[in-house]
Amino acid sequence: MKVKVGINGYGTIGKRVAYAVTRQDDMKLIGVTKTKPDFEAYRAKELGIPVYAAGEEFLPRFENAGFEVAGTLSDLLEKVDVIVDATPGGMGAKNKAVYEKAGVKAIFQGGEKASTAEVSFVAQANYEKALGKDYVRVVSCNTTGLIRTLSAVQEYIDYVYAVMIRRAADPNDIKHGPINAIKPSVTVPSHHGPDVQTVIPINIETSAFVVPTTIMHVHSIMVELKKPLEAKDVIDIFENTTRVLLFEKEKGFESTAQLIEFARDLHREWNNLYEIAVWKESISVRGNRLFYIQAVHQESDVVPENIDAIRAMFEMADKWESIRKTNQSLGILK
């Protein structure tokens, strides 16, 4: 029996999760919602994906464009077992009451507060805590990136300080910036540290800057160690950590541009780089401090987490079976 999945919000994250669902042998994509008949809605229809209006109030937009929808969100909820809410930050919390009324499980994204769901989720760190849950929150792209690597060395961590160098906007976003400035988050810690703590219990402080780029985030991470660890040990740990890849400057990976080109060379859909990219040369231990630099593809690293969250909520597989199935279906390298 396949779990029937709906996607509320077919944008940057929603369309990637929708694609990922179609790659699973234990899930079925029932439909997606849009607020307007834009190119993404037309493309979904071309792909044979039923498109629903996100609400009754949006129906005139589709009618005026001659775009036939399969119904509204309410209709979609009658047909699914779980809805993946990929709406803009803050909307998910408002939508929760609708999902509760429909008796449908829901997955929220990192733009929502942790209190929106029963558990905040990163598969490799706390898969078991989502087993059988009705409401799960996949943490943000940045938080997912931090947890992927920090959970791998968690037993060594005394304290973490991470600087988040955030992209200003997604590639298709014309509304956000800056385009000629560096914008600091003047409140310390930034929200990322407390968000990490909703998944793994570590001491962490973060600060953040927004810079004029669209393709990836970069994190500069310093870990104070509570027991000895050498750089070669960290390399071994990361090499054996799922959804983390090591890249070398000597092989031409000098910036985020080459990392995205690597994803393109893999012929990944939307040049997705699901894995967290760690620069191997940046891994260094000085005294009791570990340093490393990593990059996060903000459009895609949370996608496999959404798939694993579905399996956990329906208790369809154990942690490593789910991760293996998801990785294999999406071409994740390890």
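Just so it is clear, glycine is given a Cβ too, placed from its N, Cα and C backbone atoms.
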Recorded NAD(+) site member, picked from Gly71, Gly103, Gly111, that accompanies Thr12, Ile13, Arg167, Gln298 in Swiss-Prot: Gly111
Cβ within 8 Å of the mean position of the Cβ atoms of Ser140, Cys141, Asn142, His192, Gly193: remaining residues of the chain near D-glyceraldehyde 3-phosphate: Gly110, Val139, Thr143, Thr144, Gly145, Leu146, Met164, Ser190, His191, Asp195, Val196, Thr206
Spatial neighbour of Asn142 (D-glyceraldehyde 3-phosphate binding site) that is closest, considering only the binding-site residues Ile13, Gly111, Gln298 and their CA atoms: Gln298
Span of Ser140, Cys141, Asn142, His192, Gly193 around D-glyceraldehyde 3-phosphate - largest C-alpha separation, Å: 13
Largest CA-to-CA spread of NAD(+) binders Thr12, Ile13, Gly111, Arg167, Gln298, angstrom: 16
Cys141 (active site, nucleophile) versus Gly193 (D-glyceraldehyde 3-phosphate binding site) - Cα distance in angstrom: 13
Winner by Cβ contact number (other Cβ atoms within 10 Å) across the binding-site residues Gly111, Gly193: Gly193
